[in-house]
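Colleague: Before I ask anything, here is the structure I am working with.
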Amino acid sequence: MAAPMLRGRCLGRCWALACIDSGSRHGRGAATGFTSSGKRGQSFVAQQPLLTAQKSRKGEHKWAAVVGLEIHAQIASNSKLFSGSQVHFAAPPNSLVSFFDASLPGTLPVLNRRCVEAAVMTGLALNCHINKKSLFDRKHYFYADLPAGYQITQQRLPIAVNGSLAYSVCVGKKWRQVITKTVRIKQIQLEQDSGKSLHDELRSQTLIDLNRAGVGLLEVVLEPDMSCGEEAATAVRELQLILQALGTSQANMAEGQLRVDANISVHHPGEPLGVRTEVKNLNSARFLARAIDYEIQRQINELENGCEILNETRSFDYKLGCTVPMRDKEGKQDYRFMPEPNLPPLLLYDTASLPAGADPQQVINIDRIREQLPELPSETREKLIQQYGILPEHSFALLNEVGLLEFFQNVIKETRAEPKKVTSWVLNIFLGFLKQRNLAVNESPVTPSVLAELLNLLDRKVISSAAAKQVFEELWRSKGKTPSQIVSERKLELMQDEEALERVCHAVMEGHPQVVMDMKRGNPRAINKLIGLVRKVTHNRADPTVIKEILEKQLSS
Amino acid sequence: MLGRTLQEVSAALKQGQITPVELCQKCLSLIKKTKFLNAYITISEEVALKQAEESEKRYKKGHSLGALDGIPVAVKDNFSTSGIETTCASNMLKGYVPPYNATVVQRLLDQGAVLMGKTNLDEFAMGSGSTDGVFGPVKNPWSYSKQYREKRKQKPHGENEDSNWLITGGSSGGSAAAVSAFTCFAALGSDTGGSTRNPAAHCGIVGFKPSYGLVSRHGLIPLVNSMDVPGILTRCVDDAATVLGVLAGHDPKDSTTIQDPGKPFMLSSLTDVSKLCIGIPKEYLVPELSSEVRSFWSKAANLFESEGAKVIEVSLPHTSYSIVCYHVLCTSEVASNMARFDGLEYGHRCDIDVSTEAMYAATRREGFNDVVRGRILAGNFFLLKENYANYFIKAQKVRRLIANDFVNVFNSGVDVLLTPTTLSEAVPYLEFIKEDNRTRSAQDDIFTQAVNMAGLPAVSVPVALSNQGLPVGLQFIGRAFCDQQLLTVAKWFEKQVQFPVIQLQELMDDCSSVFEIEKLASVSLKQ
């Protein structure tokens, strides 16, 4: 595996420049416990200018950062992993707690089939090997929001292993170049979520909400194949889109359905990996990137100042923008792992190994789940590029907003306008309006059919592009009106009467002899001024190309 | 009436010889009279009477629910009972009232059984004497039996009679004493290393440990999840089969129960044992085995042989590793299972609130006795990262070898193994407590505990009285999930030996009704 290098000569954003440097590849030791078996996937070198701005002494102190991620995704299921309690975000505290969730003595775990299917589907989508036999273990630690004193997880034999996640970064000056990178997935394991502790410092009390306790999680372990915050954030974003496409997790970071811990170390290329720190609970993509970049820089600074990196757990203070050591010594705990005796091994089947006469309610067929795999984001983007000829970065933009792709496709269905035109309208004007008003796609007052009608008017040259924008603004304000209604009410149709337009042109020329003079002297910009004047008089209702033709004709006559 | 077996009293209820309420009241009155036995922690009098009234209504309408309708039963106090305190004989759970019924309790209630109360045990079922709970030790009803007292009179005794009472064995001693003293017709125990069979042997009753996976553990407060099985204590083998028929079968709340639909357990009367092969494991002939028990064991083997069965010596070569292996696995699971008792959600909580950690520590120190804390400490040691491979993993491998010993023996054509249940008859309390809990458990579980490692069904059947007038039990071990075959053999044996009924009239002079059907049975295995 090649470890990305950090150099001093780069400018701009972390992933704005792509310098693929095969010379920087080197073997990686297993010094800090990262596994590094197999050379799969591609590795690219990303530049990390933030870290190296002060490293201008040439050839000295080249640092490489190594970033691995542990991602916890809450499984989208009606009930919890091992109990029948409902799963809802923001329900009243302790309203979704079964006897098992509260760890009442004598209660036993019963595995939720839906959660297993979600894990298998996610594993397949991430190119994992699905283990037909996996095991559950107990991980022990005392914490107020962990009622049983242990978490049921899959430490020894997880449900899926050895996968990969491809993610793309846009590079180049205009970000027109898309580079695909791959991060290896070590494993996906099923485990329980914990409850929530709410610390009331004032009254020195801790309040416990067990609604989340026992919700199914997919822990996705990404190998340390990333080299900076932006790469990590992009990989997480791609994983998020995949989970959402699969429906296996809502993966909403703000609601805690996707939580990231980052393992970070720095080293000199060619030397063993450095001591790593773990930055926990990164709950937004933006802070994820910032925390990782901060931590890389901090480690470099520490090492350059002759200090040592401690193998510790840190948290990111988003107000201060820095990582700080966590008070509890979680990192040093011995979790005393033990097999979970109340759950038999989890056995999965494929069509070939399915026992004859097996009750379909009792068995899970991997092949059946594979057939149900929906289109993945990468395939969707590829299709968009192929089908509509749009730019790769636009394909990313269309998938980045919940519901935007569907909106776009519905517009396309109903309009004769060029896909490129539709893309431009959806991504620039429509999305711009949403962002300005902080609205989601499904909250838009403008429906796809309305936008399609508007684009049809534009396409048929019934209105000008400027008028179309006017109509769009009007649509936003007055819900229920159709574009055609607005056009006719506001008299925004392009002037079809050429004689009338000729008269307007003539009048404008008469009124501005100086401009006409300039034009005759050969100033090419003068004609644009006249066109603008004519458009003003016609309230944008005249087609500029037609105006230009008329003006030129009148001048030469 | 109380001296009858479950089947007999069930018939009496059906025929209207007695009503459920009358039966319940008789049991309640006897429970009160025998309170000094300390068999019950909680007597659920109101609930019991209400259930008995319901049952009576059903009988009147002719809609009885079956063999258990109106039958007084008792449940060990480590099974969750909805609305009834469940303590595990520990300070930690004093005052804890579960909001749900264990599956086995629910199944008994669904059949109309009447719950008399919750029975005493060693704290969290850790022990082999029923002497180590916060509610004090359980006294063996045989201490007060005519049979035992008469024998003792023959010997000179300087000590105070009353201080010389006998232990019941454990940890389900309360359940065993409750059945033995006629306060109920069946009781639930739990069996992790012999906790049902051991007290059954000491109290002269039948103690049955079903195959692991046949009966749901949901609601049983665990000791060792991978070995715990709800046990059944009754006065005869048929009764155990009747109760098993109600309890056995898949429970969606316990993923370790088998999926096969349960069949009713009706035992046929075996008339011919000539096709049976009985194995006598040679490793069970240990020096500590009392000569009397050894003698009953060999007489039992001779009995089978004389009736035409094939009796062969077999070897279970890894038996001697069983106790130490059990120690590692048991304490490890205990350390894990006990982690939930932190004073937050339920149970005892100390007054200290300087920090969550201080609260945990004080709560657990106050809540658990030395035995429990000692096992938690040992278990956590075995589970440490640096020790896990050397202890836990090795113990698991040894466990597999022990289980394979049984598989090999059964594959060689043996149908049932015959062994002692205990080393000797019950010992006096004062003698028992000379050794600590760990030493006692290690000694007393020696014949019973390997069975739990292998998940096999086993039953202790009372055989005869010792020279001291105390019951001795022998154990039959069957193939996994061949519980019915095992009980059929046990039933045949029970019929042959005609174990005598306990005679308690000296003590309970006004309980003559208890003994109205007393049979002066002959002891066919007389020394």
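Cβ atoms here come from the backbone N, Cα and C positions, even for glycine.
Here's the feature list from TrEMBL:
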ACT_SITE  B:Lys76  active site, charge relay system
ACT_SITE  B:Ser171  active site, charge relay system
ACT_SITE  B:Ser195  active site, acyl-ester intermediate
DOMAIN    B:25-145  domain 'Amidase'
DOMAIN    B:166-487  domain 'Amidase'
REGION    B:147-167  region 'Disordered'
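I'm curious about the neighbourhood of these features; can you describe it?
Modeller: All protein chains considered, the CB of B:Lys76 (active site, charge relay system) has 32 other CB atoms within 10 Å.
The local packing around B:Ser171 (active site, charge relay system), expressed as other Cβ atoms within 10 Å of its Cβ over all shown chains, amounts to 38.
B:Ser195 (active site, acyl-ester intermediate) falls within neither a helix nor a strand when secondary structure is assigned with DSSP, and so counts as coil.
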Colleague: Starting from the Cβ of B:Ser195 (active site, acyl-ester intermediate), draw a 10 Å sphere and report how many other Cβ atoms land inside it.
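Modeller: Its Cβ has 39 other Cβ atoms within 10 Å.
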Colleague: Count the residues of the domain 'Amidase' (B:25-145) that DSSP assigns to helix (H, G, I), to strand (E, B) and to coil, and report the three numbers in that order.
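Modeller: Split into helix, strand and coil, the domain 'Amidase' (B:25-145) gives 47 helix, 19 strand, 55 coil.
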Colleague: In whole Å, how far is B:Ser171 (active site, charge relay system) from B:Lys76 (active site, charge relay system) when you measure between their Cα atoms?
Modeller: 9
Colleague: Work out how many Å separate B:Ser171 (active site, charge relay system) and B:Ser195 (active site, acyl-ester intermediate) at their Cα atoms, rounded off.
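Modeller: That separation, Cα to Cα, works out to 5 Å.
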